[in-house]
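As given in Swiss-Prot:
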BINDING   G504, R505, P506, G507, I508, G509, K510, T511  ATP binding site
COMPBIAS  1-13  compositional bias 'Polar residues'
DOMAIN    476-641  domain 'SF3 helicase'
DOMAIN    995-1172  domain 'Peptidase C37'
REGION    1-116  region 'Interaction with host MAP1LC3A/LC3'
REGION    117-341  region 'Interaction with NTPase'
Amino acid sequence: MRMATPSSAPSVRNTEKRKNKKASSKASVSFGAPSPLSSESEDEINYMTPPEQEAQPGALAALHAEGPLAGLPVTRSDARVLIFNEWEERKKSDPWLRLDMSDKAIFRRYPHLRPKEDRPDAPSHAEDAMDAKEPVIGSILEQDDHKFYHYSVYIGGGLVMGVNNPSAAVCQATIDVEKLHLWWRPVWEPRHPLDSAELRKCVGMTVPYVATTVNCYQVCCWIVGIKDTWLKRAKISRDLPFYSPVQDWNVDPQEPFIPSKLRMVSDGILVALSAVIGRPIKNLLASVKPLNILNIVLSCDWTFSGIVNALILLAELFDIFWTPPDVTNWMISIFGEWQAEGPFDLALDVVPTLLGGIGMAFGLTSETIGRKLASTNSALKAAQEMGKFAIEVFKQIMAWIWPSEDPVPALLSNMEQAIIKNECQLENQLTAMLRDRNAGAEFLRSLDEEEQEVRKIAAKCGNSATTGTTNALLARISMARAAFEKARAEQTSRVRPVVIMVSGRPGIGKTCFCQNLAKRIAASLGDETSVGIIPRADVDHWDAYKGARVVLWDDFGMDNVVKDALRLQMLADTCPVTLNCDRIENKGKMFDSQVIIITTNQQTPVPLDYVNLEAVCRRIDFLVYAESPVVDDARARAPGDVNAVKAAMRPDYSHINFILAPQGGFDRQGNTPYGKGVTKIIGATALCARAVALVHERHDDFGLQNKVYDFDAGKITAFKAMAADAGIPWYKMAAIGCKAMGCTCVEEAMHLLKDYEVAPCQVIYNGATYNVSCIKGAPMVEKVKEPELPKTLVNCVRRIKEARLRCYCRMAADVITSILQAAGTAFSIYHQIEKRSRPSFYWDRGYTYRDGPGSFDIFEDDDDGWYHSEGKKGKNKKGRGRPGVFRTRGLTDEEYDEFKKRRESRGGKYSIDDYLADREREEELLERDEEEAIFGDGFGLKATRRSRKAERAKLGLVSGGDIRARKPIDWNVVGPSWADDDRQVDYGEKINFEAPVSIWSRVVQFGTGWGFWVSGHVFITAKHVAPPKGTEIFGRKPGDFTVTSSGDFLKYYFTSAVRPDIPAMVLENGCQEGVVASVLVKRASGEMLALAVRMGSQAAIKIGSAVVHGQTGMLLTGSNAKAQDLGTIPGDCGCPYVYKKGNTWVVIGVHVAATRSGNTVIAATHGEPTLEALEFQGPPMLPRPSGTYAGLPIADYGDAPPLSTKTMFWRTSPEKLPPGAWEPAYLGSKDERVDGPSLQQVMRDQLKPYSEPRGLLPPQEILDAVCDAIENRLENTLEPQKPWTFKKACESLDKNTSSGYPYHKQKSKDWTGSAFIGDLGDQATHANNMYEMGKSMRPIYTAALKDELVKPDKIYGKIKKRLLWGSDLGTMIRAARAFGPFCDALKETCIFNPIRVGMSMNEDGPFIFARHANFRYHMDADYTRWDSTQQRAILKRAGDIMVRLSPEPDLARVVMDDLLAPSLLDVGDYKIVVEEGLPSGCPCTTQLNSLAHWILTLCAMVEVTRVDPDIVMQESEFSFYGDDEVVSTNLELDMVKYTMALRRYGLLPTRADKEEGPLERRQTLQGISFLRRAIVGDQFGWYGRLDRASIDRQLLWTKGPNHQNPFETLPGHAQRPSQLMALLGEAAMHGEKYYRTVASRVSKEAAQSGIEMVVPRHRSVLRWVRFGTMDAETPQERSAVFVNEDE
């Protein structure tokens, strides 16, 4: 005999039952199902395993070796094994396939196993049957079923398959198999018999069934793969007569089923309904074209509805309305697989949504329904308990009368199936389990579970019949486990574990750190508890070893360092290691941990004279030296004091400094056996990330199989998976997929992927297996497995799935188009009826007419000279009435200056409205004087517009403009008449001023009074009850919140939510007079009082010696509130004032004072922050203005100088500018190039984005992790800096810029070369003293507009000019002293850190770009309005990093808080408060901006990829310079989600070419732009070249003194030769041709300007720019002759 080995699969074996015998010669007793492994009866001989098989434990099924039964199973158990094997293999391609291991299936598959007494005798019915030959398998049979014909597919053995029993004429039917029992005849036969097994795969599938279209014949066509329909039936041939179902090959057919009359009536109704939606009726309507006939009768009126009607009629005329294009194929392409199973699946998705909508419509929620069902639930539980009791009693009675069968044999049968599955898995997947640690562990775990279950059964049933079976099962489990362990012990290689050795002095916390590190690494590998230990010293027993992923080896070398080194060499190797164990069950245990963490006190891993020093050092992947100066200092100060040492240690191990030696190193200095390397500072997070990455890298290198893509199972799904793994974008994937549909072989399909990198993989196509890959544009295809035996019927199941989905899509499209067609038809008919029935008015016509003499046209203007049209009044797009204080009515800059002079002369009590009235009055007087001078006194005065309007109103005349302003329905009553209003007022209704509980919980005790939580971040209170400055509040330090005040109103803003349990409320600046609000008074005794207050006006009230600003109110509790205990008392200050505005509760202020009677109260309201830090000098200030400026609140009058109307740009030649050339920005209303608004209006347009709402913050946990990772990165790379002195801070400032507020002078005027003198000297000294004392100073910024070259669209189109912020000199000095050292440290590391401030494009650029080129993907983004979209919360997180890394953190914290507090910006007329956006103008602004850019980009990448920030930074390279960026990464980023994340943060990212849409990523660095330079590469490296447009602009324009006419020319100056030389260097990078063009223009300019300069050759300039030399000795191969040619 030969053996067959099935593959593995989970299954549950059905309990085997014996057939009932008609006659039995011998009585037998059975205790259930016979044992699968042994038999005690002759009747069950078919279940026995032959004796010769018991000696072969590896055999799973016995087959006949010779004779007529060769290759067939010996027993039924063997047959089950073979059936299981076949099912396991076919299940991979057909997951829906069911496992049938019953006796019926066995006898049908293997008839020789059927007992003789069970085989039918096949009675003869020759007298009733007309003999017919058995049809060919796969034939379509037409059967006479009374009123109609029924079709099915013959599959052999007298069985037919198809939709034999549909439940209704329109339903979801199931493909089934039944006996042939109707008169039949074959109407279609295949050329060759089809595979019956392949046909049977369709059994059990569901298909849509419609009696008139998708019926039994259509399903038969789907099964056999022919193209035909029931309406055509072109493939049917009716040459043969009908035959009787009783034949020799069809025994005992069943009686035909005759449906009832009710069933026939219901089927008729369903058929009629389906015919309405079906296409025949629509085709008939399309041929008649009823809408086209209607369109001939009626015409279009060219209204909106008429146009819609015309489009409908045109659609009908061109046959696209009633028969729209078939979109079934397009809908099918959306689905990756044909998996739609029918309306049931659709109902699972749609029904919950519909039920939810119905519940919402009726106001039902889960809470209300839960309350209603609570009582029902309790009653059901009681009834359930009673029912359980009754069932138990009933079971006992039934068991006494009819004993049940023993369930143990069924359990044993199930266990045998599971063991067969494991044995098959061991046989077929052994190599994969040995290579994959998780698969091997899962296999052993399943064996342990099965062994436990078998032992439970053996302990429960101790009879002899069960004991033999359980023992045999246990033996098979032990053999499987032993076979796996033996195979694992015989491996020739394994994954080498990662070794981390931490060396340092004792007692500094190394062991605790390593334990924590082990847990973190284990958690990163997927099992946090998988941490073990290695026995040390003389203990050499590994019984406690459980195969943990991470093991800890403490005190390496404590006893015998040479012995420990030998053990380390053995464990940290790829050769398998068998451990020494004492217990017999642990014999043969292997060491398979992935990470080994070692602690030691030695300075070197092993002695330097050790013979295998190099081998040991090579096996240590991370040699880390731990130092703790803090612990050493504590021990030195307090020897023997354990508490002092513990106090010096930190739970985050920040007291330990870790230094990473180079790989293979053996000491602290970085020496290796091959020379000296570089040591690095590393953190715990980075060490953990590197170790985990190395583990995964080695595991991937140790992998066994490539990915497999099965195109036979599903072409679309396999292609999508293959393209996604190759990194092909979705839009390119769709284009390649369309081309691949026409490919006939794998070679053609791989040729389409030649432009992409396809890793080696396997492809299954048409039964054959191919090894394919595409590396560096070379596709490779190798056939490794030929297809199996050819079959005439291929993938019939797939065809049915495809046809079924196509049918569903067609049905859905038919229903939708039927609804649209009905709606369109109704609309067209209604439109025509409504058009003919509505009345016609003369004003409906689009033309004017006159009836005769004296008639007038009401549509024409009455421009007859005696009146002027007033235009529309009321609110329009430009506002209501006359413009306010911030709309200058088109005033020029001179008129605006005149208005300011008049305001100053009148003491500030002069508005723009007054100025406009005075100007109009003066113009009228001037006109009158001129006319008197010309015509004399006798000439009548000319009527002004205002006088003419007054005269018309007096006479009762109406102008044409008034007539046109009227609406046609002015005389119609809108809404119901007042007489029909039946509403009534309930004068007895009681008004409840009590606030809900959720608002009362916001009132908390604070300081000496109370406070109120507006949101989780904002807390308000009265200023005089708050604790002193610098006090910790609600557990938060002063650095975690900002404080602003307005009078006695105090507001705290916390950076992180203190009360996340409460939603945000609306905080308003007081309310309108007459509003009734509630003051929520809380007392320490627990009393809560809600007092109604009618709010009055805003006022300043003197209470004692203090003046309180707020809103007054009158209590509605009576004349003497305090006497009745219904008023406020001392201690109630800080309680909130709230009122309900619509359905929303609003808080308007806090309680600060009350009169003695208690009837009048005062609420401090939320105004703008006071300017208490400002030191105003000079005469008394004017009353502080109120209102807003460009949406931003006004704080005070401004002092900034007027905006400049001059430019520093001059033309280099008088030639005309080329089209599209850039020009200096707009210069104001005097600009001769264009007639535009004032510069103040341009500035207001630039300020508006600062008042817009901000975006959302990144998730808190992601933001915290990103900030920690960035801080760790900077802390490990930046060198410690020394604080700057006052002199160095002054020297670092640019002396050619303005000093800002309050002097606004150039800094060089008061600079002696070493110090500031005069006014600026006093200001700088005062700021330096405030810094050194750690006191706060509020920065005051000055707004200006940048003078720069811009696109013509920003001058002649929509005028734009960039906004500049200039800080005062004091803020510059304080910021330079606080953050100057940090900025210098960043500049020194600009090549290694992502912040590139301070980089040189020609010197540092090649190194930076080379780092980017090491990664796979590259992207750059251009951000719109970067500064105005920034959030102060993100800037504060960036500022916290700068503060912690500055040399003086305590003093730097004060400066950073001042910089990030609400900014005070001087715009000339006013000082405004800006609470959001980036405040610029300080020495550290660029670094702060770049750091915030780094945080936002990293947060977006972490949120999209869900990868730890340290790993993201390890797999990526960033370059940030303000808002400019370049990002390179190896991670697979979803660019749509990445772009949406950035927009969710409030940013406005666009592509580099300013196109809208998701950001694009490239697989090459070529073409990425950074700092206006395109990154290109050649054989010598990467470099950045300036774009040609910038080079051309520098040839057209030069800088000089300010002037008004930008087109004036300036002769050559002293700096121009160096500028032109640098320009030649930039042009040399674009190739010799472009260099010659620029060189000729430079020579021409030099000749015209009298500049003496020599233009070098292109090659010399290129050497100078690229390699820093112009010598002729430069090697010829480095000249890059053919590299930089023009594109």
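Placed from the backbone N, Cα and C atoms, the Cβ positions cover glycine too.
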Excluding G504, R505, P506, G507, I508, G509, K510, T511, please set out which residues of the same chain place their CB within 8 Å of the center of the CB atoms of the ATP site, keeping sequence order.
T599, N601, A626, S628, V631
Name the residue among the binding-site residues G504, P506, G507 whose Cβ has the smallest number of other Cβ atoms within 10 Å.
P506
If you count Cβ atoms within 10 Å of the Cβ of G509 (ATP binding site), leaving out that atom itself, what do you get?
21
Site of maximum Cβ density within 10 Å, from binding-site residues R505, K510:
K510
Judged by the number of other CB atoms within 10 angstroms, which among I508, T511 is the least packed of the binding-site residues?
T511
For T511 (ATP binding site), what is the secondary structure by DSSP, using just helix, strand and coil?
helix
Using DSSP with the three-state reduction, classify P506 (ATP binding site) as helix, strand or coil.
coil
